[in-house]
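Annotated in TrEMBL:
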- 14-130: domain 'Gamma-glutamylcyclotransferase AIG2-like' (DOMAIN)
- Glu92: active site, proton acceptor (ACT_SITE)
Amino acid sequence: MGQIKKASSALSKLFVYGALKYGQPSNSILANTGNGYANFWCRATTTQKLPLVIATRYNIPFLLNKPGVGYYVTGEIYEVDDRMLNSLDNLEDCQDIYTREKQDMNIGVGEGTVPCWVYLLQKYPEKLLSLPYLSGYENSSTHPYIMRHRRTHKHPAQDDLTFETAQN
């Protein structure tokens, strides 16, 4: 009995809003037990308005750390272990682009909030704020998400934030 409790106390909650969501291009990362443990917990929304934009030639969804701008963003909460967080930190170019920080997420009327890890873009070109803001991300043929292994090393994502995408 004591062991089960110990294992569950090591789990963290992670809010995903982009390509990691169920049915989206990178969800297989969460589904792959080789990366660690991840289990869908519930849908959720940010407790503050944040700008969610699609940027770079790879059409990557980014949540910009600029509270009060944009919309309340919908996403999913997963319970993850430290191994999965480490896998994601490596994948999410955490040092180069994102920072992972704790934020309260809204899990529904009367349910209150729950603190979750979330990957945010801290440093970004100001012009990303002129992109259209989304309240939720879905991969689309208009802005098809380019998987990491299909990106070119000539344009790493962190150098590509200034790339002008064609707005429709």
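Easy rule for this one: first residue shown is 1, then count along the chain.
Just so it is clear, glycine is given a Cβ too, placed from its N, Cα and C backbone atoms.
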| remark: The predicted model's mean pLDDT over the domain 'Gamma-glutamylcyclotransferase AIG2-like' (14-130) is 93
| request: Report the DSSP secondary-structure composition of the domain 'Gamma-glutamylcyclotransferase AIG2-like' (14-130) as helix, strand and coil residue counts. | output: 23 helix, 48 strand, 46 coil
